[in-house]
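S.K.: So TrEMBL says this about it:
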type     : residues : note
TRANSMEM : 20-43    : transmembrane segment
DOMAIN   : 37-283   : domain 'G-protein coupled receptors family 1 profile'
TRANSMEM : 55-74    : transmembrane segment
TRANSMEM : 94-116   : transmembrane segment
TRANSMEM : 136-154  : transmembrane segment
TRANSMEM : 201-221  : transmembrane segment
TRANSMEM : 233-255  : transmembrane segment
TRANSMEM : 267-285  : transmembrane segment
Amino acid sequence: NFSRVTEFILLGLSDTRELQVLFFTFFFLAYAMVLLGNLLIIVTVRTDPKLSSPMYFLLCNLSFIDICCTSVTSPRMLVDLLSQRKAIAFEDCIAQLFFLHFVGASEMFLLSVMAYDRYTAICKPLHYTAIMSRQVCWVLVSACWAGGFLHSIVQTLLTIQLPFCGPNTIDNYFCDVPPVIRLACTDIYITEWLMVSNSGLISLVCFLVLVTSYTFILVTIRVRFTEGHWKALSTCASHVMVVTLFFVPCIFIYLHPFSTFPSDKHICVICTVFSPVMNPLIYTLRNNEVKASMWKLWKRCRI
């Protein structure tokens, strides 16, 4: 009610016209790869009865979240790269912030669930079907979305209660908590630490859960190594690549006071662009079952 700022100005990644055109081409291709790659994974998993295990059910949900996550920032960024004045309304900025943290936190929780799925499949294979039943998978995925919503609504409420009455220039290509609350016309020390304890700790705890689960997996594989465990190790290696690309930038961005570093926009590119691009590549190129199903789907479409 006391906010006088009606819009924010996004500085973007560069103010050089030649670089903006180069960035537009690169990010447009990356966004197209994210959409096509993840949609292909979803269609393949949904149409092939052989891909009905919990791992592929969770992979299908991860692909959907990746599409949502990159769609929150990429379309707006592509438009702004071709625009002279990169303005975003206050309400649109808050909405972008909300949905970014909603799907981002949901993806963190889902990656943790996927790590638990691999731990159960490798370390407790005889009880796997009972532990990871379809009902349990639905409950876990629903809990991921619910946790993401709860996290995001807290971040959003902490942001909109701040007064914005002066500067309105955001040194980033999208609206996120750190650059937005720096513009508040009040002392943000308490709000800042509340947000750090929310976003930062969620990122760190999920990352530690993932590291712990993969450590148990590696110990189990080392004790009883077979050809099947080699396949499992290859699957886990692809998960570790996704985890590293996604979690390390998030921990760096959100686990320190936001006023410590003036801008993290180039680091944000890793978790908003590169990580969603790598997911379909990693899960298709390193998974023979998915590649075989995609090839059969392609042959059916050609007939």
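Don't overthink the numbers, they just go from 1 along the chain as shown.
Any Cβ shown, glycine's included, is placed from N, Cα and C.
A TrEMBL annotation is a machine prediction, not a hand-curated record.
Model, not experiment: these values are computed from the prediction.
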S.K.: Take the transmembrane segment (20-43) and find every residue of the same chain, 6 or more past its ends, with a Cβ under 8 Å from one of its Cβ atoms.
M.R.: 12-14, 59-60, 63-64, 66-67, 70, 74-75, 77-78, 81-82, 273-274, 276-277, 279-281, 283-284, 290, 294, 297
S.K.: Does the transmembrane segment (201-221) come near the transmembrane segment (55-74), with 3+ Cβ pairs under 8 Å (pairs 6 or more apart)?
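M.R.: Not in contact, no.
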S.K.: Against which stretches of its own chain does the transmembrane segment (136-154) lie, if we need a Cβ under 8 Å and a gap of at least six residues from its ends?
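M.R.: Sequence-distant neighbours of the transmembrane segment (136-154): 54, 57-58, 61, 98-99, 101-110, 113, 198-199, 202.
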S.K.: Limited to the domain 'G-protein coupled receptors family 1 profile' (37-283), I'd like the whole-number average of pLDDT.
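M.R.: Over the domain 'G-protein coupled receptors family 1 profile' (37-283), the predicted model scores a mean pLDDT of 85.
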